[in-house]
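Undergrad: Structure incoming, see below.
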Amino acid sequence: MTVADDGCFIAGWIVTYFKIYKFYTHRHKIGKLIDDIHDPVDALRQSCDLGVLTTMKTYMFFDALDFYLFSNCAVTLGAALVILVPREKGKLPVRAIFPFDITKSPMYELALFIQLYTLIFGLISVAMEEFISLGFLRWTTLQLKVLSANYRNCDSYSSKLSDLYLSQDTYKAIQKFKILDALDEDTEITTFVEFDRRKFGKIIDSFKWRFKSCVKHHQRITHIIDDLNDVFDSCLIVQFAVSLFLICLNGFLIVMCADDRKKLISAFTYLAVGFLQLLYWCGFGNELSFQANSLTASQWMSGWENWFEIGMKDLVTTAMIRTMQPLEMRAGGIFVLSMDTFINILKSSYSVFVLMTTVTSDGK
């Protein structure tokens, strides 16, 4: 079982340091992604539409919740590695070979410090990487949701442009808004919301201007998702492989070490981390694809049939063709991040788990 513990440790560290490597090699592109994604979000935070503000408040709440969740997972995993994994007195938390005698002081303390420092660095790094990466998906999904509402609010006669100044009624409604008690009408966006506040003085409000603005921002978001795939596709395929390995191996350990409390807690911790990472990535990817797929229907509901300007039909048709092309996150350019993929990975994990337990039972 010690080999199994080492396998979990090595698998976790492979994905951790691979992500660190990818973040470093793509640091300039990631910096650009931060600006491209968060600048429009900052503009949306200053919107005066009640639906945008309540949606933003909801997203910020879950963003903070995820930060605490990832932080606690890092602390729990660190405790499982250092405290819960059984070891003899005077032994290191992780089996390792050093070019000096670690059985004597102060070399033992030095080796222990090196391992603890590496552990803390790795856990903090992976927690922050997950938080930043999933944040990219969260705030891109928010922009797709607002864009979908903007398409539906393109008719300048039936939907007004979002105000520049927050009304007293809207302010009071935001103060009273409770996320857990929110209704669909509380988050409904009823005005056309501009992603760039610097353009408010240059707006010539009309259906055609609104629709073209939506098309422009759809192209911008498409480029963002392409960049996200370029940066994270290899990370995600490694993440999927490691999560599959952790779920299979630790599910097997839970069955085989049911009487060993410390090993059981350690296996449960690894299993929960692998499951949680997989669930988060697939869940966020599924929500992003769902919002992207809703754009075509929103374009159809834009009220284009009430406008008879020259070239209007070609404009709408071309835009609808673009929105029919899938916007999705992929792992290694192969697997789409979706709940279907999540279920398929769990099924594969269970199949491998059954095979391992069957082989072990036959061996006995």
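Glycine is no exception: its Cβ is also placed from the backbone N, Cα and C atoms.
Sharing the record's features from TrEMBL:
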TRANSMEM  67-86  transmembrane segment
TRANSMEM  107-128  transmembrane segment
TRANSMEM  236-257  transmembrane segment
TRANSMEM  264-281  transmembrane segment
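Could you give the neighbours, burial and distances for every feature on this list?
TA: With a cut-off of 8 Å between Cβ atoms, the residues of this chain six or more beyond the transmembrane segment (107-128) that come close are 13, 15-17, 19-20, 70-71, 73-75, 77-78, 81-82, 90, 92-94, 96, 98, 100-101.
Sequence-remote contacts of a segment are chain residues at least 6 beyond its ends whose Cβ falls under 8 Å from one of its Cβ atoms, and for the transmembrane segment (236-257) they are 1, 4, 7-8, 11-12, 14-15, 18, 263-264, 267-268, 270-271, 273-275, 277-278, 281, 329-332, 334-335, 337, 345-346, 348-350, 352-353, 356-357, 360.
For the transmembrane segment (264-281), the list of distant contacts is 5, 8, 12, 66, 73, 76-77, 80-81, 84-85, 130, 134, 236, 239-240, 242-247, 249-251, 253-254, 257-258, 329, 337, 342, 345: same-chain residues at least six beyond its ends, Cβ to Cβ under 8 Å.
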